[in-house]
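A.B. asks: What follows is a structure written as structure tokens; I'll ask about it next.
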Amino acid sequence: MLYKSSLKNKKRIQKENLRHIAIIMDGNGRWAEKRGKIRTLGHKEGFKTARKIIKYAVENNIKILTLYVFSRENWRRPKLEITALMKLFFFALKSEIKNLNKYNIRLKIIGDTSPFNENLKNYIHKVEKQTFNNTGLILNIAANYSGRWDIIRGIKKIIKDVQKDVLDIDQIQERNFSQYLSTSELLPVDLVIRTGGEKRISNFLLWQIAYSELYFTDILWPDFNWRDFQHAIDYFFTRERRFGGISIS
């Protein structure tokens with residue numbers, strides 16, 4: 001086996017409660033430009049990297065992997081690049097559905113899919129439905145997503161429930177507010193990884209990462225490999241998660 005998926009590593013991941021990893025996959029365009037290529041080729045290489053990282057997550061018994069594929073702000077990019085990204089998204093869904101089932105992966109999409117074309121929306125629904133009963137890794141894809149959008153959407157759902165007398169306004173607490181977000185059925189995010197050198201969150205899972213550990217690397221996403229992923233996991237192992245409390249040492 002090429003990857004570091006030893007029993008010791010799996011046990012450490014379980015012991016440290018590393019269950020949900022979220023990745024901001026940044027640097028595809030710059031990777032291509034550095035090589036004198038069009039940005040679209042960088043996204044294609046980024047897809048290849050994503051496949052490898054998903055495999056590594058499966059082999060190491062990570063429960064949930066969230067990938068930031070397309071933000072709501074990404075619509076500001078050139079039209080040709082957006083078209084290429086949508087085509088790549090459709091290709092990825094169509095080409096990987098067999099592997100998702102083979103490796104017992106459940107696909108979940110979060111974000112506003114309404115602007116996507118009908119073929120893409122239908123295929124998203126198809127793949128989510130066909131993998132729904134898979135019990136291994138939950139592959140959570142954030143597409144046309146933003147943290148602010150998620151929070152506002154959650155607030156609107158709460159208002160509707162209050163208006164319908166389903167929920168009393170005094171019952172609204174942090175623990176049940178999370179139930180109104182797109183990640184309601186998922187475990188909290190333990191580790192956020194951002195590639196590409198930037199040190200910001202970029203409107204990603206703003207509510208869900210309140211107590212997440214943050215790992216930033218200068219490595220561009222297409223160059224990010226399983227060893228780099230393991231370095232991020234090893235960094236997580238060094239952290240003492242206090243969740244607002246004090247050190248127990």
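A Cβ is built for glycine as well, from the same backbone N, Cα and C atoms used for every other residue.
For reference, Swiss-Prot lists these features for the protein:
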BINDING   ASP26, GLU213  Mg(2+) binding site
ACT_SITE  ASP26  active site
BINDING   27-31, ARG39, HIS43, 71-73, TRP75, ARG77, ARG194, 200-202  substrate binding site
ACT_SITE  ASN74  active site, proton acceptor
A.B. asks: Identify, among the binding-site residues GLY27, GLY29, the residue whose Cβ has the fewest other Cβ atoms within 10 Å in this structure.
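C.D. replies: Each of the binding-site residues GLY27, GLY29 was scored; lowest Cβ tally within 10 Å is GLY29.
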A.B. asks: Which one of these binding-site residues has the most other Cβ atoms within 10 Å of its own Cβ: TRP31, TRP75?
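C.D. replies: Checking each of TRP31, TRP75, the winner is TRP31.
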A.B. asks: Within a 10 Å radius of its Cβ, which of these binding-site residues (HIS43, ARG72, ARG194) has the fewest neighbouring Cβ atoms?
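C.D. replies: Among the binding-site residues HIS43, ARG72, ARG194, the lowest count of other Cβ atoms within 10 Å belongs to ARG72.
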A.B. asks: Using Cβ atoms only, which residues of the same chain lie under 8 Å from ASP26 (Mg(2+) binding site) while being at least 6 residues apart in sequence?
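C.D. replies: Looking at Cβ-Cβ distances below 8 Å from ASP26 (Mg(2+) binding site), excluding near sequence neighbours, one finds ARG194, THR195, GLY196, GLY197, GLU198, SER202, LEU220, TRP221.
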A.B. asks: Quick one: Cα separation, TRP75 (substrate binding site) versus GLU213 (Mg(2+) binding site), in Å?
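C.D. replies: Per the Cα atoms, TRP75 (substrate binding site) and GLU213 (Mg(2+) binding site) stand 29 Å apart.
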A.B. asks: For GLY27 (substrate binding site), what is the secondary structure state per DSSP, taken as helix, strand or coil?
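C.D. replies: It is coil.
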A.B. asks: Measuring Cα to Cα, how many angstrom lie between ARG72 (substrate binding site) and GLU213 (Mg(2+) binding site)?
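C.D. replies: ARG72 (substrate binding site) and GLU213 (Mg(2+) binding site) have their Cα atoms 24 Å apart.
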A.B. asks: Could you measure between TRP31 (substrate binding site) and ASN74 (active site, proton acceptor) for me? Cα positions, answer in whole angstrom.
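C.D. replies: If we compare the Cα positions of TRP31 (substrate binding site) and ASN74 (active site, proton acceptor), the gap is 17 Å.
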A.B. asks: Taking DSSP three-state, what's ILE201 (substrate binding site) in: helix, strand or coil?
C.D. replies: coil
A.B. asks: Non-local Cβ contacts of the residue listed as 'active site, proton acceptor' (under 8 Å, 6 or more apart, same chain)?
C.D. replies: ILE82, LEU85, ASN144
A.B. asks: When the Cα-Cα distance from GLU213 (Mg(2+) binding site) is computed for each of the binding-site residues GLY27, GLY29, HIS43, which gives the smallest value?
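C.D. replies: Considering only the listed binding-site residues, the nearest one is GLY27.
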A.B. asks: How many other Cβ atoms sit within 10 Å of the Cβ of GLU213 (Mg(2+) binding site)?
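C.D. replies: There are 20 such Cβ atoms around GLU213 (Mg(2+) binding site).
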